[in-house]
Amino acid sequence: MNRNPQLNKHGELQHLLTTEGLPVSILLHILDTAESFAGVTEREVKKIPLLRGKSVFNLFFESSTRTRTTFEIAAKRLSADVINLNIAVSAQSKGETLLDTVNNLSAMHADMFVVRHSQSGAAHMMASHVRPDIHVINAGDGRHAHPTQALLDMFTIRRYKKDFHNLRVAIVGDILHSRVARSQIHALTTLGVPEVRVIAPKTLLPSRVERLGVHIYHDITQGMKDIDVIIMLRLQNERMLGASLPSTEEYFKYYGLTQEKLTLAKQDAIVMHPGPMNRGVEIDSAVADGKQSVILPQVTFGIAVRMAVMSILAGN
Amino acid sequence: MNRNPQLNKHGELQHLLTTEGLPVSILLHILDTAESFAGVTEREVKKIPLLRGKSVFNLFFESSTRTRTTFEIAAKRLSADVINLNIAVSAQSKGETLLDTVNNLSAMHADMFVVRHSQSGAAHMMASHVRPDIHVINAGDGRHAHPTQALLDMFTIRRYKKDFHNLRVAIVGDILHSRVARSQIHALTTLGVPEVRVIAPKTLLPSRVERLGVHIYHDITQGMKDIDVIIMLRLQNERMLGASLPSTEEYFKYYGLTQEKLTLAKQDAIVMHPGPMNRGVEIDSAVADGKQSVILPQVTFGIAVRMAVMSILAGN
Amino acid sequence: MNRNPQLNKHGELQHLLTTEGLPVSILLHILDTAESFAGVTEREVKKIPLLRGKSVFNLFFESSTRTRTTFEIAAKRLSADVINLNIAVSAQSKGETLLDTVNNLSAMHADMFVVRHSQSGAAHMMASHVRPDIHVINAGDGRHAHPTQALLDMFTIRRYKKDFHNLRVAIVGDILHSRVARSQIHALTTLGVPEVRVIAPKTLLPSRVERLGVHIYHDITQGMKDIDVIIMLRLQNERMLGASLPSTEEYFKYYGLTQEKLTLAKQDAIVMHPGPMNRGVEIDSAVADGKQSVILPQVTFGIAVRMAVMSILAGN
């Protein structure tokens with residue numbers, strides 16, 4: 001029996017809600033499809049008519065320049081009509097329930113919903129209520145998941161490291177509040193990365209994080225050893241205050257990635273960050289702009305990966 | 001002499017400002033054209049090039065997710081370029097007059113203005129000042145009119161009841177503040193509905209509403225008798241306070257549509273609502289989601305009706 | 001050696017940042033190209049595929065209905081995909097630097113940035129950091145420059161006066177705070193206008209404005225003599241207070257353009273204004289709506305001029 005709400009009865013991707021529980025075959029299918037689009041998104045390429053006549057709704061209950069924009073570009077490259085909705089300012093303020101909003105938008109011949117919401121589970125809720133011909137893509141829900149970010153990270157890692165099977169990957173920083181970290185850990189594990197480390201102070205780790213199959217380090221100088229891929233997380237200042245960290249300066253001293261700490265990793269290690277960066281808090285500018293940084297390629301690959309997800313969903 | 005500002009000198013639709021005074025032939029032409037688009041808006045249909053190269057400006061001086069979005073989708077299905085303008089935040093705040101804003105936007109090769117404004121008469125004012133090759137569609141002005149909402153309601157009624165000539169229609173709730181109710185009453189009357197009832201407390205009825213040719217009921221249990229179509233109106237909480245209603249609970253008790261009250265109407269009566277709904281205030285969830293509700297089909301038909309209006313205007 | 005950051009190594013336009021230092025050949029090429037589009041932007045014309053598959057980002061750090069909309073229309077007429085970004089509300093509020101925002105958007109396969117920013121030099125900064133295949137258009141930066149406004153003004157002048165070489169042009173009002181005036185003066189001078197006058201109270205003139213090659217008048221009745229073209233500037237009320245002007249009434253009395261003052265200019269003089277107008281402050285309604293006003297044609301020509309700039313940049 002199929003209990004995964006992301007898959008249809010044929011085991012195909014119906015919604016993309018989380019990387020957790022996603023079969024390796026689907027993860028690889030997305031990455032391979034994205035490879036074919038990565039060429040298309042180079043200069044001088046014409047638009048692709050795969051989503052022509054389809055309506056993609058960008059439902060952003062939280063604002064996000066980067067994520068909304070990359071989905072919009074990806075959808076337009078596929079020739080979709082894109083409708084941007086900042087729900088916070090309209091229907092919700094008139095007291096309509098989220099479910100009524102979803103039902104109404106569904107009734108408007110939507111083909112795809114891209115959803116960003118501050119509440120964990122919002123995308124799942126929507127997916128369980130839309131008509132069977134509508135696809136939901138989670139663009140970040142609360143602390144829960146951000147699967148397209150994780151997928152573009154996997155795409156980036158594969159581009160630079162070719163294979164997942166002999167890598168050591170370290171995720172550094174505020175694991176506790178990070179939907180990105182959760183989605184990365186699930187994807188890395190499914191794709192066969194043998195060692196995933198989380199490096200963070202105790203106060204920024206979820207309880208029982210070891211259940212996700214990760215190795216825990218509190219000391220970054222130890223955690224960096226033999227590492228191939230370093231993923232720095234954004235420190236959300238407003239959240240840090242409650243985490244008994246004395247200051248951002250203190251945080252930078254112990255966990256901020258500097259050239260000095262980077263030398264502890266493998267010589268050809270790559271540095272990633274989902275953005276937006278706090279320079280001088282979790283990452284030093286010399287590293288962010290340095291030759292091991294693949295932070296801007298991540299953004300570029302995000303277009304191809306989102307095109308892949310949308311075209312696969314539309315085809316299923 | 002033609003004094004109807006909505007019609008050109010050939011008696012064709014030049015602007016859609018109100019359903020009041022609109023000839024039955026034009027109303028039916030819109031509904032028939034919408035039927036042809038209702039098929040088109042089903043799955044897997046390609047875009048229609050009727051408005052290709054035309055610019056549709058969505059001028060929303062008041063925000064409205066649902067109305068703005070359906071116009072945007074309808075225009076894009078017709079291959080128009082859509083420009084969304086939230087005027088409140090820009091030129092108006094620089095002290096420019098509405099007329100200057102209109103003149104400037106007209107000078108930008110606009111082909112169609114879709115206007116939502118808090119002031120009654122705003123769309124009329126714009127229509128009387130734009131160049132002759134620009135069409136204005138009223139998407140709601142103050143308490144005055146909301147003609148495309150009324151038209152999609154007529155479309156819905158005809159879909160479910162086939163004919164207007166032997167129907168009893170009840171409009172329930174805050175008639176006083178409702179531009180939707182005004183536009184519905186004019187359309188229903190013109191289309192030959194023999195009996196239109198308004199059901200509301202005295203404080204939510206306009207003075208001399210009987211002049212519109214409607215029957216007045218204050219008691220919903222009496223007003224429901226032999227009814228074919230029930231249109232529930234949204235109760236705007238902030239307005240209710242000034243209407244000497246003690247509470248939303250009280251309102252729900254007397255005027256909220258429950259399954260119990262619904263049984264007083266005809267067995268095959270349909271329930272409509274323009275949205276967004278206040279569940280538990282003017283309508284009970286069991287009714288809103290029940291099998292007599294056609295609230296979501298209304299939204300879907302709204303796309304076809306707006307496509308019809310825009311394509312008719314563009315052709316005239 | 002080429003030190004003009006707007007030109008590529010072949011001396012072609014790479015970015016449009018300011019009219020200052022722009023060769024007359026490039027100014028004329030833009031105006032001539034705009035002539036070819038001015039026909040295209042008439043009724044019933046199909047879209048032009050010159051920017052098909054290209055992504056134009058409207059980056060508005062300051063809101064502006066008119067400028068953003070004309071760029072959006074121009075880009076869509078050229079078949080580009082347009083991404084509107086109101087940066088103020090998103091990434092910037094998360095503490096990301098402007099440069100990081102630019103780098104991230106560049107990584108999203110942007111082809112062109114249209115930038116409005118409150119800080120002088122913002123567009124230059126962006127142009128100096130983007131990849132070589134990205135073009136930056138300054139849509140207004142601080143008090144510095146607004147080149148497309150100046151170009152559409154030149155287009156308007158040439159349309160009505162045929163030739164620049166025997167004109168007297170007066171720019172009236174708040175020269176001090178006006179990026180529009182700066183860009184106009186540079187363009188007029190380069191295009192060979194023999195006499196450019198600025199008419200303003202001392203408190204609204206930049207120090208050493210005579211270095212720009214303009215003639216200074218404090219008395220509008222003298223400055224109007226023998227004038228062919230009058231460009232009125234918007235008086236920004238909030239700025240006027242610091243300029244030791246007692247009131248807008250006083251300003252209107254001495255510098256507001258009335259029919260009476262207009263008669264002092266040549267009989268066939270044209271009146272221009274970049275908008276939005278303060279009627280009764282810098283311009284009387286009788287003049288703004290009078291037969292010598294070309295204020296609305298300016299707006300219309302703005303589409304063709306922006307199409308010209310974008311298509312020239314895309315071709316280089």
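Glycine is treated like the rest: Cβ placed from N, Cα and C.
What TrEMBL says about this protein:
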- B:ARG66, B:THR67, B:ARG116, B:HIS146, B:GLN149, B:GLY275, B:PRO276: carbamoyl phosphate binding site (BINDING)
- B:LYS94, B:ARG179, B:ARG234: L-aspartate binding site (BINDING)
- B:14-158: domain 'Aspartate/ornithine carbamoyltransferase carbamoyl-P binding' (DOMAIN)
- B:166-312: domain 'Aspartate/ornithine carbamoyltransferase Asp/Orn-binding' (DOMAIN)
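Features recorded in TrEMBL, as mapped to the structure shown.
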residue: B:ARG66; record: carbamoyl phosphate binding site; Cβ contacts under 8 Å, 6 or more apart: B:GLY275, B:PRO276, B:VAL299
residue: B:THR67; record: carbamoyl phosphate binding site; Cβ contacts under 8 Å, 6 or more apart: B:ARG116, B:ALA139, B:GLY140, B:THR148, B:GLN149
residue: B:HIS146; record: carbamoyl phosphate binding site; Cβ contacts under 8 Å, 6 or more apart: B:ASN138, B:ALA139, B:GLY140, B:ARG179, B:VAL180, B:SER183, B:PRO274
residue: B:ARG234; record: L-aspartate binding site; Cβ contacts under 8 Å, 6 or more apart: B:GLY173, B:ASP174, B:SER178, B:HIS273, B:PRO274, B:GLY275, B:PRO276, B:MET277, B:ASN278, B:GLU282
What whole-number value in Å do you get for the largest C-alpha pair distance within B:ARG66, B:THR67, B:ARG116, B:HIS146, B:GLN149, B:GLY275, B:PRO276, the residues recorded as binding carbamoyl phosphate?
16
Carbamoyl phosphate site shell beyond B:ARG66, B:THR67, B:ARG116, B:HIS146, B:GLN149, B:GLY275, B:PRO276, criterion: Cβ within 8 Å of Cβ centroid:
B:SER64, B:ALA139, B:GLY140, B:VAL180, B:PRO274
Identify which of the binding-site residues B:GLY275, B:PRO276 has its Cβ surrounded by the largest number of other Cβ atoms within 10 Å, counting every protein chain shown.
B:GLY275
Sites among the binding-site residues B:ARG66, B:THR67, B:ARG179, B:GLY275, B:PRO276 close to chain A [C-beta, under 8 Å]
B:ARG66, B:GLY275, B:PRO276
Helix, strand or coil by DSSP: which one applies to B:GLY275 (carbamoyl phosphate binding site)?
coil
Taking DSSP states H, G and I as helix and E and B as strand, how many residues of the domain 'Aspartate/ornithine carbamoyltransferase Asp/Orn-binding' (B:166-312) are helix, strand and coil?
64 helix, 24 strand, 59 coil
Please report the DSSP secondary structure of B:ARG116 (carbamoyl phosphate binding site), reduced to three states.
strand
Would you identify the secondary structure of B:GLN149 (carbamoyl phosphate binding site) according to DSSP, in three states?
helix
Count of other CB atoms lying within 10 Å of the CB belonging to B:ARG116 (carbamoyl phosphate binding site)
23
Counting every protein chain present, what is the number of Cβ atoms, excluding its own, within 10 Å of the Cβ of B:ARG179 (L-aspartate binding site)?
21
Mean of the pLDDT scores, which run from 0 to 100, over the domain 'Aspartate/ornithine carbamoyltransferase Asp/Orn-binding' (B:166-312)
93
